[in-house]
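Here's the structure, in structure tokens; my notes come after.
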Amino acid sequence: MTSTDNKEWTDGNVVIEDNNTVLKIALKSGMLDGLYKVTYYACWPDKSCHDGEFSFAIDSSKKTVYTDMRNQTSVTVSMKDFNFEPRQIIISPGTKVTWSNEGSFGHFVNTETHPEHTYFPEQNSREVASGESFSTTFQIPGQYNYHCSAHVPQNMLGSIVVVN
């Protein structure tokens, strides 16, 4: 993965998951705003192989939509109706996040990608019934998108960014 100046930003080995449908690799710290390109070589079930690429952008101005909860040892995200509140948070490594169901029906906390939920398995809950909670601790910097599997059609989505 490279930036527009062709600097390499990956760190470590590629991990292939989800029945060979997901590629993952750690990124180096210090990535700046800008456009990044990912190139890959993949082989399909029919044994044909192809080059591919996709791009993504980093825009730090968008971090204002996240609630900054850094430097807290634990934080709570409420689940009520079809919402996580706060929906998007920034936390420090070592922060314990607790999802508390304050609604009248059950919810789930599940990582990407749906339906495998394999990105960060410790973040996957069973059904969290009304009045119950689920917790996990985040140690590794990165972005952890999640959703309620029962309420994806209602756009019940959340995101956690862990930064040093």
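Here the Cβ of each residue, glycine as well, is placed from N, Cα and C on the backbone.
As recorded in TrEMBL:
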{"type": "DOMAIN", "residues": "73-162", "note": "domain 'Blue (type 1) copper'"}
{"type": "BINDING", "residues": "H107, C148, H151, M156", "note": "Cu cation binding site"}
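Local packing around the Cβ, expressed as the count of other Cβ atoms within 10 angstroms, is greatest for C148 among the binding-site residues C148, M156. Taking the Cβ of H151 (Cu cation binding site) as reference, residues of its chain lying under 8 Å away and at least six apart in sequence are, in sequence order, F82, H107. Taken residue by residue with DSSP, C148 (Cu cation binding site) is part of neither helix nor strand, so it is coil.
The DSSP breakdown of the domain 'Blue (type 1) copper' (73-162), given as helix, strand and coil counts, is 9 helix, 43 strand, 38 coil. On the 0 to 100 pLDDT scale, the domain 'Blue (type 1) copper' (73-162) averages 90 in the predicted structure. Highlighted in sequence order, M79, F82, F84, F108, H147, S149, A150, V152, Q154 have their Cβ within 8 Å of the centre of the Cβ atoms of H107, C148, H151, M156, the residues recorded for Cu cation, and are not part of that set.
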